[in-house]
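Heads up: the structure comes next, in structure tokens.
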Ligand SMILES: C[S@@+](CC[C@H](N)C(=O)[O-])C[C@H]1O[C@@H](n2cnc3c(N)ncnc32)[C@H](O)[C@@H]1O
């Protein structure tokens, strides 16, 4: 059985001057490690390379290096242990050297080592990261060429999290900040030049002092295969056992959820230092491994959302279209597993019933659940009625024939006479009595994307003039984000429609680029526009059990599209401030809804705990952009999004523009708008005037609903 979490060992180089045989590897595995990271070649190879390099005197000539041969390699092929070995590429190569001879020789060595590792059946090779900020293109080109030359191997680029000296300013030591994102920046260039190769990932070195949180979460969005932990960064607990600081533990917990291999380094050296410094030595070399395994066993339990979304992280799903399609029972069953959503609905119906009170004439209050599914909201309404002591008569309106059959069974077995099941599209429903409280749950991940506005507009005519709709409103919210993983998976399918379609996705490897999520738009029910423009001709009479002023109401069976759907068109352009640079691959959408009064739902990460903690029914929505947009520090992203309709369908279009705020010399800022305007940041505007310079923009996605739309 495979372990839950892989821990490996990287032995000190001095122990690896001689080749490792299968016994050596298996002994490490029997010591409790899952993998051993081993340099592919050894000092014999290095000596030969340096002899050949020195023999060529012309600095313009790159000498030819032939592949390593026995005994220049550290292991031989052996299928029984290949899965336990991660190859390490020679640390002395310099793919980004400014000396063309060194760079050229290094590129040859990389290919030879990858090729030998692949021959031995290894899947991964760890390659040292670039050694300088410049020459990144040269480094990346060598990786790209090696990936092309050796088709089945995966490269792990070994990188520091940040430059030395970049520590979390909230920590005890506060050194002058260097450039917290510089290493990430280099990595971003490397993988961009390598065209987001799925065979390229990161091996991240855990530093003794952690960088700021923005850097930690940035790496969390990257494809990390290995987390390297030197035994030298461990502290000692009072009993003398090696432990990690609280901050490191917290970070490790976060990373353990995405399951990279942890490779322990310097174990022998750290153990010897502890023993010789007379630290309480209740430890041997295995203490570090035992500790990491222990941390894994005490991983904080997953949140309700993590449990619910297990297996779906970063997996793109097409949003449901419950109006066009008839949902399966299993899909309804998944909805019904969310206790929070139904508790909120019950609270909302209870609030509305309590405020309204029973009818003075003793007739029941008419409640309609429109889009009843398998009936959970009918059950909520009945419970709320009992608790509020307000008798109700409930309509369950559903257009899915299979769900209708299920509702009929529930009526017979559970609800009996005070519920009527109606099989119809709500937009053409003609009840015999007008409705006091209309309850619906037609919300999608972006609020209105399952056509709640259009369906509810179509049924609003059967609501009494003083009737209540639950939800009373919902709004859509969004924020620009970076997710190389989602971008790669969309890109690998290489289809235009995929780049122009919003997806529902349980986000994991994602970094939100802006500090603030913004509201796009809102829909309110009953729709004020329709209330003010209800010019439908009389065609149908219905009775009102409560005999109030709505007792003989006139309704029309037609949909409200007689007066068009333009009132459900929306557009917004929102500006987001970006502090730390990054790459925008798309934006994330959420929604909030006021069910009734102060009873609300939210999927926004910053308000969900306050409004509907542990609600799991909706994953966020992801709007991709077809070409990633790089944004520097102190930049701005403007997202424009439209909700459009042509009476047959509804669709979204979106585009993105990026700007950088550049300091301008001299007094006052450049206030010319449209092309350049003053900084949005008051602090910055006071200290130094800035000019807003356009950096780039995306194309308009999904024009005319060509690639994705919701059918009415
Ligand atoms: C998201 S499901 C919610 C079902 C249920 N209320 C629940 O909470 O489990 C939406 C339901 O509305 C139904 N529906 C969507 N549009 C409708 C329409 N125009 N008329 C009647 N039912 C509709 C769908 O068939 C589906 O059963």
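Yeah, the Cβs are placed from backbone N, Cα and C, and that goes for glycine too.
Automatic prediction, not curation, is the source of TrEMBL annotations.
Per TrEMBL, the features are as follows:
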DOMAIN    32-296  domain 'PRMT5 TIM barrel'
DOMAIN    305-470  domain 'PRMT5 arginine-N-methyltransferase'
BINDING   332, 341, 342, 398, 425, 426  S-adenosyl-L-methionine binding site
SITE      335  site 'Critical for specifying symmetric addition of methyl groups'
ACT_SITE  441  active site, proton donor/acceptor
ACT_SITE  450  active site, proton donor/acceptor
DOMAIN    473-710  domain 'PRMT5 oligomerisation'
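Location within the structure of each feature annotated in TrEMBL.
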residue	record	Cβ within 10 Å
332	S-adenosyl-L-methionine binding site	18
335	site 'Critical for specifying symmetric addition of methyl groups'	18
341	S-adenosyl-L-methionine binding site	23
342	S-adenosyl-L-methionine binding site	20
398	S-adenosyl-L-methionine binding site	25
425	S-adenosyl-L-methionine binding site	16
426	S-adenosyl-L-methionine binding site	24
441	active site, proton donor/acceptor	25
450	active site, proton donor/acceptor	23
Query = Rounded to a whole number, what is the top Cα to Cα distance in Å among the residues the record ties to S-adenosyl-L-methionine, namely 332, 341, 342, 398, 425, 426?
reply = 24
Ask   = Where does residue 441 (active site, proton donor/acceptor) sit in DSSP terms: helix, strand, or coil?
value = coil
Note = Checking the recorded positions 335, 341, 441 against ligand 1, those whose Cβ falls under 6 Å of one of its atoms come out as 335, 441
Message = Can you tell me the CA-to-CA distance separating residue 342 (S-adenosyl-L-methionine binding site) and residue 441 (active site, proton donor/acceptor), as a whole number of Å?
response = 10
Query = residue 441 (active site, proton donor/acceptor): which of the binding-site residues 341, 425, 426 is the nearest Cα neighbour?
reply = 341
Inquiry  = Give me the CA-CA distance between residue 332 (S-adenosyl-L-methionine binding site) and residue 450 (active site, proton donor/acceptor), in Å, as a whole number.
reply    = 15
Request  = Between the Cα atoms of residue 450 (active site, proton donor/acceptor) and residue 426 (S-adenosyl-L-methionine binding site), find the distance and write it as a whole number of Å.
outcome  = 14
Key: Secondary structure at residue 426 (S-adenosyl-L-methionine binding site), reduced by DSSP to three states   = helix
Inquiry  = Can you tell me the CA-to-CA distance separating residue 341 (S-adenosyl-L-methionine binding site) and residue 335 (site 'Critical for specifying symmetric addition of methyl groups'), as a whole number of Å?
reply    = 9
Key: Integer Cα-Cα distance in angstrom, residue 426 (S-adenosyl-L-methionine binding site) to residue 335 (site 'Critical for specifying symmetric addition of methyl groups')   = 21
Note = Spacing of the two Cα atoms, residue 425 (S-adenosyl-L-methionine binding site) and residue 335 (site 'Critical for specifying symmetric addition of methyl groups'), in whole angstrom, works out to 21
